[in-house]
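Noted in TrEMBL for the protein shown:
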{"type": "DOMAIN", "residues": "3-345", "note": "domain 'Isopropylmalate dehydrogenase-like'"}
{"type": "BINDING", "residues": "Arg91, Arg101, Arg129, Asp218", "note": "substrate binding site"}
{"type": "SITE", "residues": "Tyr136", "note": "site 'Important for catalysis'"}
{"type": "SITE", "residues": "Lys186", "note": "site 'Important for catalysis'"}
{"type": "BINDING", "residues": "Asp218, Asp242, Asp246", "note": "Mg(2+) binding site"}
{"type": "BINDING", "residues": "Gly278, Ser279, Ala280, Pro281, Asp282, Ile283, Ala284, Gly285, Gln286, Gly287, Lys288, Ala289, Asn290", "note": "NAD(+) binding site"}
Amino acid sequence: MPLVAILAGDGIGPEVTAEARRVLEALDLGIDFEEGLVGGAGYRGAGHPLPPATLDLAKRADGVLFGAVGDPACDALERAMRPEQAILGLRKELGLFANLRPATLFEGLEDAAALRPDVARDIDMVILRELTGDVYFGEKGLRTTGEGLRQGYDVMAYDEAEVRRIAIVGFEMAMRRKKRLHSVDKANVLETSQLWRDVVNEVATGYPEVALIHMYADNAAMQLVRHPGQFDVMVTGNMFGDILSDLASMCVGSIGMLPSAALREWAGACGLYEPIHGSAPDIAGQGKANPCAAILSAAMLLRHSLDMPEPADRIETAVAAAIAGGARTPDLGGTLSTSAMGDAVLAGLA
Ligand code: GGG
């Protein structure tokens, strides 16, 4: 029996993950579920944001369904104990370097997209975010300058092997889709980005059928709201990918609609699946969160880690049907509760 680790985490994480689990259980796929503490919940319950038992569970599991981490009550803790360290640690420990963040505009959400009325809503793209390098994992600290000023620093670094492996995933994805790849960097300013661009160009020689477009990150942000339909696969670094996928989420209606998969292999290996949104402590426990991103993340888990593409398709079709039928949580301008939105998706599975 496949084992799925449920790491619900903080804030709205438990609410949205519960709906994703409900959908998986309704499909009766013979999956075993085991829950683990993570984030602020891990710190409070076991003294660490990523307790050893949770890491062990994630390593034993065939897939990890992750909610969200982040808790204002932990703001004063030293960095190593902050909830966010749990997700960074899991990605690093499990070698999950490739983060697929599909941004698709579902039928019925055209008016929810935060775009000018004249901008075409033909959005069906994947942001491929590198996940285990960049400024997130470079040397960091606090020091004192010669003038006696406190100075924080975070080193941005990529080696060519890290860039090559994510570029290969980008080209492989482009080959399966529209054979168009945007590589996003800041090569006019950053040395890491110049290396990124050089390595992406080297990898491109193995994919002559793919149209490769290099784009600066600032331009990519503008182009996403000016003409989002031009993008199909966008490959970029850890920080740019984090920021641009939040931006893309509003082009398709809400951050509550974007799932993600963190992978080390395209299929057949343990991956971590989570909505791209955070813990949203301001609405935690109120039943206001949109569970669609978590439910769609569960579909990605079935497809990439459990080799169950048919039930994955069923889930995605059920979410699309619920949205097309008018189901809306408050982030989409509606009044449905988290569990009522889960019910609407479940109804589409029947
Ligand atoms: N479900 C996403 C989540 O919990 N995000 C919290 C966070 O701080 N993530 C770090 C990152 O992805 O950059």
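Just so you know, glycine gets a Cβ as well, placed from its N, Cα and C.
Unlike curated records, TrEMBL annotations are generated automatically.
Asp246 (Mg(2+) binding site) falls within a helix when secondary structure is assigned with DSSP.
Proximity of the binding-site residues Asp218, Asp282, Gln286 to ligand 1, judged by a Cβ distance under 6 angstroms to any of its atoms, singles out none of them. Closest in space to Asp246 (Mg(2+) binding site), of the recorded positions given as Lys186, Asp218, Gly278, Asp282, Gln286, is Gly278, taking the CA atom of each residue.
Measuring Cα to Cα from Arg129 (substrate binding site), the binding-site residues that fall within 10 Å are Asp242, out of Asp242, Ala284, Gln286. Look at the Cβ of each of the recorded positions Arg129, Lys186 and count the other Cβ atoms within 10 Å; the largest number goes with Arg129. Around Arg101 (substrate binding site), the same-chain residues six or more apart in sequence whose CB sits under 8 Å from its CB are Val126, Ile127, Leu128, Arg129, Gly241, Ser245, Ala248, Leu258, Pro259, Ser260, Ile276, listed in sequence order. Cα to Cα, Lys186 (site 'Important for catalysis') and Asp218 (substrate binding site) are separated by 8 Å.
Here the domain 'Isopropylmalate dehydrogenase-like' (3-345) returns a mean pLDDT of 97 for the predicted model. One residue stands out among the binding-site residues Asp218, Asp246 for having the most other Cβ atoms within 10 Å of its Cβ: Asp246. Arg91 (substrate binding site) is 16 Å away from Gly278 (NAD(+) binding site) when you measure Cα to Cα. Compute the center of the Cβ atoms of Asp218, Asp242, Asp246, which mark the site for Mg(2+); besides them, the chain residues with Cβ within 8 Å of that center are Ala217, Ala221, Met239, Phe240, Gly241, Ile243, Leu244, Ser245, Leu247.
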